[in-house]
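> I have a structure here, written as structure tokens, and I will follow up with some questions on it.
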Amino acid sequence: MSDHIRAASSPSRHGSEHGWQHAVTPQQRNRILVATWMFTLCFMILVMVMLGGATRLTGSGLSIMEWAPLMGTLPPTSQTEWERLYALYQKIPQYALVNHGFGLDGFKHIFWLEWTHRLWGRLIGLVLLLPLIFLAVTRRIERSLIPRLILIFVLGGLQGAVGWFMVASGFFPDSTAVSPYRLVVHLSFALLLYSALLWTALSVLNPEPRPLPGTVGLRRMSAVTLGLVCITIIAGGFVAGIHAGLDYNTFPLMDGRLVPEGYGEGHRAMFENIPTVQFDHRLLATLTALTALLTGLIGFRRGGNARRAVLPLMVAVILQYALGIATLLSVVAVPVAVVHQGMAVLLLTAAIVTLHSLRGAGRTASINAPASSH
């Protein structure tokens with residue numbers, strides 16, 4: 001990502017008899033400002049994903065039964081309000097079947113995490129909307145970018161609605177958790193919003209791709225890697241949704257078998273059968289890691305800018321694979337699992353940055369253009 005920042009902030013050069021004079025143009029300053037705003041939003045979404053993971057892992061997600069985008073901003077301020085919310089929670093199956101009798105103090109414990117998760121979502125909305133208005137009014141955003149940013153804002157609003165749609169599935173009779181399908185949709189919307197912001201920010205910083213002749217194959221491999229990362233994260237969402245990580249806590253075998261007993265049983269085995277869901281996630285993670293490392297090796301052989309483009313991807317995929325194993329062996333210990341979920345976003349980041357850095361694959365530098373440093 002540093003290459004993109006250097007590209008945006010690289011000064012224009014004006015020849016003079018005394019040497020070079022350096023200046024950053026107003027357009028470059030505006031691009032850096034806009035990109036910094038979008039990178040801030042990306043960081044906030046990363047935190048949001050980790051908060052969501054902690055909320056799910058601690059069973060806190062169903063503690064607030066009301067959808068109040070504005071009035072729900074403030075927490076309860078009186079004993080009467082706490083008791084009212086606790087009485088609502090006592091009506092859902094999760095209380096009766098999982099947390100029966102844990103008292104108002106126990107309810108407060110799970111309430112605060114879900115409330116923080118929702119509050120952070122509201123803050124993301126404000127950080128998205130208010131600077132967007134300011135930057136547009138002061139004409140710091142290039143006009144061609146405004147429709148895309150409005151679409152991103154709409155996507156952010158939809159994500160909030162999808163979040164409630166997911167939570168509501170946990171209020172059904174005999175339900176003690178949210179629907180894994182709705183959980184995956186909620187996660188997918190978050191990552192789609194994150195990816196759109198990140199790609200746009202990188203493009204704002206570096207609107208003209210750097211020529212990288214002879215790297216078309218590397219770009220294709222990086223695109224395949226990004227696709228595999230996305231599919232593997234979605235598969236991980238189903239692992240989380242049906243709590244498949246609580247079984248088969250050995251690696252690399254599953255109860256002493258490469259392919260676990262019961263694999264593929266049921267017409268929705270890919271989404272609801274625990275051995276199938278966990279094995280598929282393991283297989284996809286391994287395929288993703290191998291593809292990313294192969295992409296990295298190709299980039300290293302090319303050297304120069306290609307090597308710099310693939311290095312973050314190689315580091316991220318190794319760390320994420322190790323965290324996945326650690327999460328499994330720890331029987332989904334909450335701190336390890338939350339870091340694993342956050343690292344998935346960082347791996348997605350590395351894959352996007354790598355692909356974006358290779359936009360100039362196959363292009364040759366102009367004769368009059370300054371040679372890029374290697």
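Quick reminder: no glycine exception, Cβ is built from N, Cα and C everywhere.
Summarising the annotation, Swiss-Prot assigns region 'Disordered' to 1-22. Positions annotated as transmembrane segment by Swiss-Prot, on the basis of sequence analysis: 32-52, 118-138, 149-169, 184-204, 226-246, 283-300, 309-329, 332-352. Sequence annotations record features per position, and here Swiss-Prot assigns heme binding site to H281, H340.
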> For H340 (heme binding site), which residues of its chain lie six or more apart in sequence with Cβ-Cβ distance below 8 Å?
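In sequence order, the residues whose Cβ lies under 8 Å from that of H340 (heme binding site) (at least 6 apart) are Q320, L323, G324, A326, T327.
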> For the transmembrane segment (118-138), I need the partner stretch with the highest count of C-beta pairs below 8 angstroms, choosing only from 149-169, 184-204, 226-246, 283-300, 309-329.
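Most contacts with the transmembrane segment (118-138): 149-169.
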> For H281 (heme binding site), what residues in its own chain, 6 or more apart in sequence, show a Cβ-Cβ distance under 8 Å?
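Same-chain residues close to H281 (heme binding site) (Cβ under 8 Å, separated by 6 or more) are T232, A235, G236, F238, V239, A244.
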> Take a look at 184-204, 283-300, 309-329 and tell me which one has the most Cβ pairs under 8 Å to the transmembrane segment (32-52).
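The stretch I would name here is 184-204.
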> May I ask for the residues of the chain that lie six or more residues beyond the transmembrane segment (184-204) and have a Cβ under 8 Å from a Cβ within it?
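Beyond its ends, the transmembrane segment (184-204) has Cβ neighbours at 1, 4, 8, 31, 34-35, 38-39, 41-42, 45-46, 48-49, 52, 145, 148-149, 151-152, 155-156, 158-159, 162-163, 165-166, 230, 233-234, 237-238, 241, 345, 348-349, 352-353, 356.
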